[in-house]
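K.L.:
Annotation comment: TrEMBL describes 25-50, 122-143, 155-176, 188-211, 223-249, 261-282, 302-326, 346-369, 375-394 as transmembrane segment. Residues or ranges marked as domain 'Cation/H+ exchanger transmembrane' by TrEMBL: 44-394.
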């Protein structure tokens with residue numbers, strides 16, 4: 001039986017409007033994700049290609065990472081592809097990478113040199129650091145860095161420590177590329193750079209503890225005491241307890257045999273727990289990882305394995321991504337290039353770094369019997385900055 005009332009209305013052909021919206025959202029998300037993937041992969045590949053061409057000029061890998069990352073991330077199309085959520089995810093990745101960086105930086109250093117009579121390279125490093133620090137403290141208050149809300153004392157101290165330091169990883173690679181690693185200048189510069197890096201990182205760690213005391217209140221004092229307690233617990237465990245664990249791992253895995261997987265997992269978990277001890281008390285995770293690495297045993301198979309694997313991971317994946325992230329964070333439109341004061345502060349900053357390092361290195365080295373032309377070259381090499389300095393600069397002036 002058929003009638004007009006019993007007939008079904010004709011179904012519309014094709015997808016519904018909501019279905020179209022869903023398909024459009026999926027397509028847009030896929031294209032956006034593909035664009036991010038292509039941009040990051042391009043940063044890795046182009047950095048390696050540029051480094052190949054810069055090798056004859058004895059440039060370290062950080063040069064090509066910096067140039068490609070900054071140039072690629074500031075392209076408007078690439079910059080617009082990364083929204084707030086993507087940048088937030090990159091923030092987390094970069095923060096984790098910097099924790100690994102500071103950990104292995106401390107693991108490669110020997111804190112016992114602080115308690116010994118300073119060696120000749122240490123005296124040269126300390127002289128360059130001291131002169132740069134004094135010059136920064138004298139000139140910085142007159143240059144009006146920062147904003148009206150910036151605490152000038154905190155800014156001056158932080159900037160003096162940053163400018164006084166050296167990037168030991170970058171410096172070592174630069175000296176290797178220049179093929180002067182076996183010369184007296186190269187050896188002296190490498191050791192002086194390690195001393196400078198270790199002392200400035202240690203000052204950073206202590207500065208973070210006492211920065212809250214700008215306003216002396218009961219809560220701030222309690223917070224500082226908690227952080228000091230966390231640092232002490234972590235340092236004692238790293239210096240006194242961890243050698244027994246590391247010796248057991250090393251004895252169970254003698255040289256010439258493959259490391260057991262279960263022991264590797266235990267070792268990584270043990271290091272992670274030590275690195276996070278101070279953070280449970282409100283301390284900074286980067287400096288916590290550095291202090292943990294500084295007091296952990298450097299010798300032994302498991303420590304050398306951790307240093308080699310983490311350094312390989314950082315150089316292969318993290319460093320190009322770090323400078324790509326820096327390019328996303330920097331807005332060059334805020335740079336007031338038309339004002340003389342901007343360039344004045346810029347060149348004075350360079351003068352402080354170069355002049356302070358060279359003058360202090362020459363003064364300290366001449367007293368030890370070194371020749372001043374070699375000392376001037378060492379002072380210029382010690383002006384090299386590392387990845388952590390770039391990371392701090394992005395966060396400080398953002």
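Cβ coordinates come from backbone N, Cα and C, glycine included.
Caution: TrEMBL annotation is automatic and unverified by curators.
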K.L.:
Of the listed stretches 261-282, 302-326, 375-394, which one has the most C-beta pairs under 8 A with the transmembrane segment (223-249)?
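P.N.:
When the Cβ pairs under 8 Å are tallied, 261-282 comes out ahead.
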K.L.:
Would the transmembrane segment (302-326) count as touching the transmembrane segment (261-282), i.e. at least 3 C-beta pairs under 8 angstroms with sequence separation of 6+?
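P.N.:
These two segments touch.
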K.L.:
In the same chain, which residue numbers or ranges, 6 or more beyond the ends of the transmembrane segment (346-369), come under 8 angstroms Cβ to Cβ?
P.N.:
120, 123-124, 126-136, 139, 143, 163-164, 192, 375-376, 378-380, 382-383
